[in-house]
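Features of the protein shown, as given by TrEMBL:
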{"type": "DOMAIN", "residues": "A:36-147", "note": "domain 'PurM-like N-terminal'"}
{"type": "BINDING", "residues": "A:Asp38, A:Ser52, A:Asp83", "note": "Mg(2+) 4 binding site"}
{"type": "BINDING", "residues": "A:Asp38, A:Asp83, A:Asp217", "note": "Mg(2+) 3 binding site"}
{"type": "BINDING", "residues": "A:Thr53, A:Asp54, A:Asp131", "note": "Mg(2+) 1 binding site"}
{"type": "BINDING", "residues": "A:Asp54, A:Asp83", "note": "Mg(2+) 2 binding site"}
{"type": "BINDING", "residues": "A:His61, A:Glu270, A:Trp313", "note": "substrate binding site"}
{"type": "BINDING", "residues": "A:Gly130, A:Asp131, A:Arg155, A:Ser219", "note": "ATP binding site"}
{"type": "DOMAIN", "residues": "A:159-263", "note": "domain 'PurM-like C-terminal'"}
{"type": "BINDING", "residues": "A:Asp220", "note": "Mg(2+) 5 binding site"}
Number of protein chains: 2
Amino acid sequence: MPFPPEATLADVGEFALVAELTALFEQGDHVLVGPGDDAAVLRVKQGHVVVSTDLLVEGQHFRNDWAEAVDVGHRAAAQNLSDINAMGGRAHSLTIGLGAPADLPARWALSFAAGFAAECAKVGASVVGGDLTRCDQVVVAVTVLGACKLTPVRRGGARPGDVLALAGRQGWSAGGLAVLTRGFRSPRALVEAYRRPEPPYDAGPAAAEAGATAMIDVSDGLLADAGHLAEASGVALDVLSDSLEIPEPLQAVAQATGADPVRYVLGGGEDHSLLATFPDADRVPDGWTVIGAVSEGEGVTVDGAAYDGDAGWTHF
Amino acid sequence: MPFPPEATLADVGEFALVAELTALFEQGDHVLVGPGDDAAVLRVKQGHVVVSTDLLVEGQHFRNDWAEAVDVGHRAAAQNLSDINAMGGRAHSLTIGLGAPADLPARWALSFAAGFAAECAKVGASVVGGDLTRCDQVVVAVTVLGACKLTPVRRGGARPGDVLALAGRQGWSAGGLAVLTRGFRSPRALVEAYRRPEPPYDAGPAAAEAGATAMIDVSDGLLADAGHLAEASGVALDVLSDSLEIPEPLQAVAQATGADPVRYVLGGGEDHSLLATFPDADRVPDGWTVIGAVSEGEGVTVDGAAYDGDAGWTHF
């Protein structure tokens with residue numbers, strides 16, 4: 001740590017902190033101009049640029065008593081990288097805007113940046129620019145840029161007769177949050193999953209290559225995001241609850257709290273799993289599990305019936 | 001206005017508000033997928049992608065009692081578009097993250113977005129995506145993407161013997177802030193300049209085509225940003241105060257407050273003028289004024305001497 005452990009952002013000052021943060025970000029070969037100029041400059045191949053942005057707000061998207069700064073960094077990167085994944089693309093570059101109170105420990109910002117950089121390294125993406133400013137709350141604004149070789153996979157292409165498939169862990173983060181909300185710290189695997197989601201970064205491009213007709217990142221909740229896909233495609237979706245994997249630690253939590261574990265899987269959002277539709281089950285690639293079917297109509301059902309659990313998340 | 005005038009974000013709800021905001025953003029021909037999917041998809045020509053990001057925080061970068069929401073929108077767009085301008089590029093796409101309290105009037109968000117879109121339209125750029133979330137303060141996170149045909153103009157290329165030149169208004173916004181700080185609302189031209197900067201959007205690409213050796217967006221202050229350029233280039237800069245235009249309304253304010261009007265021009269930052277260096281005065285294009293010279297050494301002087309005025313702005 002280049003600063004005294006108790007040093008705040010105000011103690012360290014903007015320029016010294018930016019220099020330390022920038023040193024954490026390795027630049028890929030595609031970065032002609034990295035952090036430190038008016039803008040970054042990237043060499044891109046002919047094709048499509050995929051871009052997405054997200055805001056994370058302290059107290060709203062993370063709590064500093066439930067997650068270390070390094071975890072918040074992993075998570076902020078993961079949720080953005082996942083948006084590129086959900087188009088069938090691969091992320092190459094990100095920017096970070098960090099708003100923070102003057103009395104925030106400088107080590108928080110450095111640990112956050114280290115976690116962010118480590119998550120980006122999983123897919124070979126570079127942090128190419130950013131902004132640092134004073135704010136009453138910690139606010140993290142991330143924009144991610146990626147490339148997709150093939151036609152991007154949108155939300156609106158599902159057709160009756162397609163199968164619905166899921167890739168990645170689902171319900172783990174929601175289970176971790178349920179544990180933390182009750183004041184517990186275990187099962188550790190679920191708490192870790194809440195702190196650091198593990199999106200299935202290869203599943204998006206694999207689905208695109210396999211001919212997925214529609215795809216979405218599960219961030220609001222499996223049923224909620226299935227609803228967004230159904231609405232955009234003008235179709236009905238049915239989820240077969242027997243096809244959903246209920247991980248062992250989630251069964252344990254459900255038993256302890258008296259809740260139905262399927263509820264976490266259907267309602268949970270922040271694992272950043274992917275939902276996609278494919279023309280038939282034979283085209284569903286490795287890493288994906290068929291969990292339902294597409295038919296004419298509208299809305300999302302579970303085992304053919306309306307589901308009355310907590311199905312999602314809105315910001316206001 | 002699609003909502004009752006007194007409706008808040010909480011009254012309107014996230015999805016209805018996003019739908020109204022999205023309708024304000026016209027999409028250019030290069031936008032294959034606009035707002036509403038996991039990510040936007042842009043068709044870009046072979047070449048360089050230029051990207052920059054900025055955070056604006058209520059109370060820090062704007063005050064709602066000094067600026068209408070539409071002005072904040074113009075300003076948020078302008079300061080980002082200017083970063084692309086300063087590389088010699090042209091902006092084509094932007095994303096907006098908006099954090100806001102639940103009791104913010106929905107019309108504030110709509111007016112902000114209308115101003116933002118109108119500023120982007122000046123350069124033909126599209127708002128291709130965004131995020132909306134709850135936050136105690138109003139926070140605006142913008143990322144801008146652009147293209148540059150030629151080699152981008154960086155901060156570090158100035159050489160001894162080059163001339164230093166300025167494009168765009170300088171000192172107007174600082175004059176407007178001085179007026180507002182004293183509780184006045186005139187001269188109106190300065191107050192307007194503080195609310196809505198007018199960056200010289202054609203001057204950046206023109207400088208790149210004319211062979212500018214270095215360029216920077218004046219956002220912290222003319223002398224402060226000249227210092228950044230001098231440091232990155234490893235040269236000394238001297239500004240000739242006689243070459244600086246002192247606009248008439250600034251002279252009036254200086255007279256009323258007893259301040260030296262040159263102080264606003266040298267210290268002011270938020271007009272988003274451009275500073276650049278050129279190999280010789282003959283290559284300085286229309287719209288640019290030679291205001292000084294580059295020599296061996298370090299630091300920035302005014303008329304050959306150190307300047308002791310207020311020369312800039314730091315965030316912590």
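Cβ atoms here come from the backbone N, Cα and C positions, even for glycine.
Reduced to three states, the DSSP call for A:Asp54 (Mg(2+) 1 binding site) is strand.
A distance below 8 A between C-beta atoms marks A:Ser52, A:Asp54 as the binding-site residues from A:Ser52, A:Asp54, A:Glu270 lying next to chain B. Along the domain 'PurM-like C-terminal' (A:159-263), the predicted structure has mean pLDDT 93. A:Asp38 (Mg(2+) 4 binding site) falls within neither a helix nor a strand when secondary structure is assigned with DSSP, and so counts as coil. Ranking the binding-site residues A:Ser52, A:Thr53, A:Ser219 by how many other Cβ atoms lie within 10 angstroms of each Cβ puts A:Ser219 at the bottom. A:Asp83 (Mg(2+) 4 binding site) carries a helical DSSP state (H, G or I). Taking H, G and I as helix, E and B as strand and the rest as coil, DSSP gives the domain 'PurM-like C-terminal' (A:159-263) the counts 53 helix, 13 strand, 39 coil.
Per Cα geometry, A:Glu270 is the residue among the binding-site residues A:Asp38, A:Ser52, A:Asp54, A:His61, A:Glu270 nearest to A:Ser219 (ATP binding site).
On the backbone, the CA of A:His61 (substrate binding site) and the CA of A:Asp83 (Mg(2+) 4 binding site) stand 17 Å apart. Candidate binding-site residues: A:Asp38, A:Asp83, A:Gly130, A:Arg155, A:Asp220. Nearest to A:Thr53 (Mg(2+) 1 binding site) by Cα distance: A:Asp83.
In this structure, the C-alpha atom of A:Ser52 (Mg(2+) 4 binding site) lies 17 angstrom from that of A:Asp131 (Mg(2+) 1 binding site).
Of all the binding-site residues in the record (A:Asp38, A:Asp83, A:Asp217, A:Glu270), the one with the smallest CA separation from A:Gly130 (ATP binding site) is A:Asp38. For A:Arg155 (ATP binding site), the nearest neighbour among the listed binding-site residues (A:Asp38, A:Asp54, A:Asp83, A:Asp131, A:Asp217), judged by C-alpha distance, is A:Asp217. In the three-state DSSP classification, A:Arg155 (ATP binding site) falls within coil.
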